[in-house]
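Notes for the one structure printed next.
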């Protein structure tokens, strides 16, 4: 068994092409499969980018190399130094003939999970053995697309002049006055894991940053057990000064559109591997009001009254009607947090919006209240004590500009982009009501 020593990978599997005939390469990865047929062995090496075939003919390699090849096991870690040989009959038009094989580490057998995807496994088993599960090419494809999604979003924000910020995740009280918080011991006090950076984003508007964003974890102690909820999630949050809710929606459209375009350009292999029906959306999305959404739901037999939040049945009804990406706007004020700005002509309706994909909510936002007196009134009307929000409210006394923003669920958006029906597929180590390990 060898150390890497002076060897360094020269190529990933997908970088080797037939035109490199005669060139020496060093490959490193896992043994995806091994077939020993008398005086010939076939080793499929798998790395981050794909698989590559090494052919080990006894008459063309030294005895030690051939014996090492024959004794390889699935998922052993190996390094191969060899020559590329063009061969039209080979799977990719070439094969690699090893000069030397180094076994860097052995894998125990039997494997608790088959990374080759030949043996199916339930999602709980896969999540228990996630380190093996993410070796599967299709699982890696999900996370490569997710990575490109986040890279694209950061680039769009940078191009638009946003400042990236990091807000506290240990907080003294609830952001929105709810009780769905995880309490923790904080020295002699009680604290909570943050459920949203909302109040801090708004305070940054008072600080004069104009446009900020954050990509970070949020925590919600909701006792859901569904395919679309987690208790720890990644949220993409933004806030902008001197804008209204329509400007915030336009920015969200730009972020989402750019994600689709960047993924199509930079991750075509992953799109193909996942067999995605990929289509870049229009630059502006369809929009309907909450009232119109309620009318659609009622017309499809859903029992719901104006002023209620949309039930799952209502979301399904509207999603079936709309399809794709669309906004629901002009929500009842009573369904939204205290910092949401009511319409000036009808305070029963507020300047809030949700971005939906079919029946799935992926983003929520609004124009915010920027007047101190109205904010205090809203907090009181919702049965909360303004004194509990003293440090937040202070930012509104000394020059708070009009502002708007939104939060986009990274995990849910990744679900949409990769066409997964369970949010856990898009999170490396998900945290839900039952799962706290690995």
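Backbone N, Cα and C atoms are what each Cβ position is placed from, and that goes for glycine too.
Residues annotated as L-aspartate binding site in Swiss-Prot: 176, 220, 364, 368. Annotation note: residue 364 (L-aspartate binding site) sits in a strand segment as assigned by DSSP. There are 19 other CB atoms within 10 A of the CB of residue 364 (L-aspartate binding site), with all protein chains counted.
Look at residue 410 (ATP binding site): DSSP puts it in a helix. Remark: residue 410 (ATP binding site) has 146, 149, 150, 215, 233, 234, 235, 236 as non-local neighbours, by Cβ distance under 8 Å and separation of at least 6 in sequence. For 220, 221, 222, 228, 229, 230, 361, 409, 410, 411, 412, the entry in Swiss-Prot reads ATP binding site, with the evidence type sequence analysis.
Annotation source Swiss-Prot lists Mg(2+) 2 binding site at 361, 364. Annotation for residue 361 (ATP binding site): same-chain Cβ neighbours under 8 Å, separated by at least 6 residues, are 315, 354, 355, 409, 412.
If you look up Swiss-Prot, you'll see 361 marked as Mg(2+) 3 binding site.
Annotation comment: Swiss-Prot describes 198-201 as region 'Aspartate'. Here the region 'Aspartate' (198-201) has Cβ contacts under 8 Å with residues 165, 167-168, 175-176, 212, 214, 237-239, 337, 339, 389, 392, 405, 407 of the same chain, all six or more residues outside its ends.
The site 'Important for tRNA non-discrimination' feature in Swiss-Prot is assigned to 91; the stated evidence is sequence analysis. Remark: residue 91 (site 'Important for tRNA non-discrimination') has 53 as non-local neighbours, by Cβ distance under 8 Å and separation of at least 6 in sequence.
Across the structure, residue 364 (L-aspartate binding site) and residue 229 (ATP binding site) place their CA atoms 15 angstrom apart.
Annotation for residue 368 (L-aspartate binding site): same-chain Cβ neighbours under 8 Å, separated by at least 6 residues, are 202, 239, 339, 340, 341, 403, 404, 405.
Cα-Cα distance from residue 220 (L-aspartate binding site) to residue 229 (ATP binding site): 10 Å (rounded to the nearest whole number).
Per-site Cβ counts within 10 Å over the binding-site residues 220, 222, 229, 412 peak at 412. Residue annotation for ATP gives 220, 221, 222, 228, 229, 230, 361, 409, 410, 411, 412. The furthest Cα pair among them is separated by 19 Å.
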